Amino acid sequence: MNALVATNRNFKLAARLLGLDSKLEKSLLIPFREIKVECTIPKDDGTLASFVGFRVQHDNARGPMKGGIRYHPEVDPDEVNALAQLMTWKTAVANIPYGGAKGGIGCNPGELSLSELERLTRVFTQKIHDLIGVSTDVPAPDMGTNPQTMAWILDEYSKFHGYSPAVVTGKPTDLGGSLGRDAATGRGVLFATEALLHEHGKTIAGQRFVVQGFGNVGSWAAQLISEHGGKIVAVSDITGAIKNSKGIDIPSLLKHSVEHRGVKGFNGADPIDPKSILVEDCDVLIPAALGGVINRENANEIKAKFIIEAANHPTDPEADEILSKKGVVILPDIYANSGGVTVSYFEWVQNIQGFMWDEEKVNNELRRYMTRGFKDVKEMCRTHNCDLRMGAFTLGVNRVARATVLRGWEA
């Protein structure tokens, strides 16, 4: 099932539980604005190349729209719409004053030189500079983009509007980026996992974890969980999968994956079939890679008692039903991976105040937001007698609906 269909389905179930009227429900689903622009740049060899850039701005009832910019060859408009909508609910669940957006450019960043990427980013910014802004829409990095991309957007935007560090987040720290931002999503996963396990009378120490995906989020989550006494028994990334039932030495694996560009060939664990990573024996499964990886084909085989969705939309609705019948507890993506956008919010606040925080303050505030977020989700679960996914969706949708009505926007 594609991401947009699944997101719409979850939204409609939440709207029904909340008893929203059909006009309000419809207006909450329709994006505020969809932007599509042509970006033509001279390549290094002098030829011209054209790319399509886009931005879906979903909702701004609770504040400026917020969401990543991805550079990827297959940018699917449906997926971008779904991710923009997910950002609306995610920022509301985290209780930060934002709406949702998503965007990017259809290109293969691996095939472009650094100077070509810079020209492309600047042309894209020239086309959308009057549609983004500190109090309008605040982009961030996503697949295929990084702090350097944000630095170029900031510089190009500032040519039109004066120096505006708060127009993007995920910047290099030398240009107003926040300390702790790099680890934020992974650290948020740690805090979310702690909150869920605490609810079940357990701690991270002594639990066995499997982490699918060893990019930014997966590697930070694995590192922080192992520091807190959790045993990481299997890890995978695009190069392969490894397993050690006694526990993988994560600092050594991090060193290996930097040197060899992946986990493959790590001698402190045995290689396994990457397809089997999700069904390995463990207590907690953390999918931290792509969407749709847990589906009706493999859901019955999953042995974990808890699933923490560090990736966006890793579990298909059909798998959701199978797993809930098995008694598996799923902590949904719109809460579990909201650490990144929460620290992006802290970065924006620091830029607006012109006052930067130390890393300890960033991490302490993140813990406070994640812990409070879990309590709020559980409260909705009790009110509506539903699972954690519907608890999170009803929480997010309800907050956006209330803001929409209070602003007098309902149809």
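A Cβ is built for glycine as well, from the same backbone N, Cα and C atoms used for every other residue.
Feature annotations, courtesy of TrEMBL:
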type	residues	note
ACT_SITE	K102	active site, proton donor
BINDING	K66, K90, S344	substrate binding site
BINDING	T185, N216	NAD(+) binding site
SITE	D142	site 'Important for catalysis'
Spatial neighbours of T185 (NAD(+) binding site) that are distant in sequence (at least 6 apart) but have CB under 8 A: N216, V217, W220, A310, N337, G339, G340
Cα separation, K102 (active site, proton donor) to K90 (substrate binding site) (Å, whole number): 13
Separation of alpha carbons, S344 (substrate binding site) and K102 (active site, proton donor) (Å): 15
K66 (substrate binding site) CB neighbourhood, other CB atoms within 10 A: 29
Under 8 Å by Cβ from D142 (site 'Important for catalysis'), same chain, sequence gap 6 or more: G67, G68, I69, R70, K102, G104
Largest separation between Cα atoms (Å) of residues that the record links to substrate, namely K66, K90, S344: 13
Spatial neighbours, same chain, of S344 (substrate binding site) - Cβ under 8 Å, 6+ residues apart: K66, V138, A140, T169, G170, S178, R181, A184
Additional residues surrounding substrate, by Cβ distance to the K66, K90, S344 centre under 8 Å: G67, M87, T91, A94, I96, Y98, G100, A140, S338, G340, V341, T342, Y345
Cβ-Cβ neighbours of K102 (active site, proton donor) (radius 10 Å): 29
Cβ atoms near K90 (substrate binding site) (within 10 Å, other residues, all chains): 28
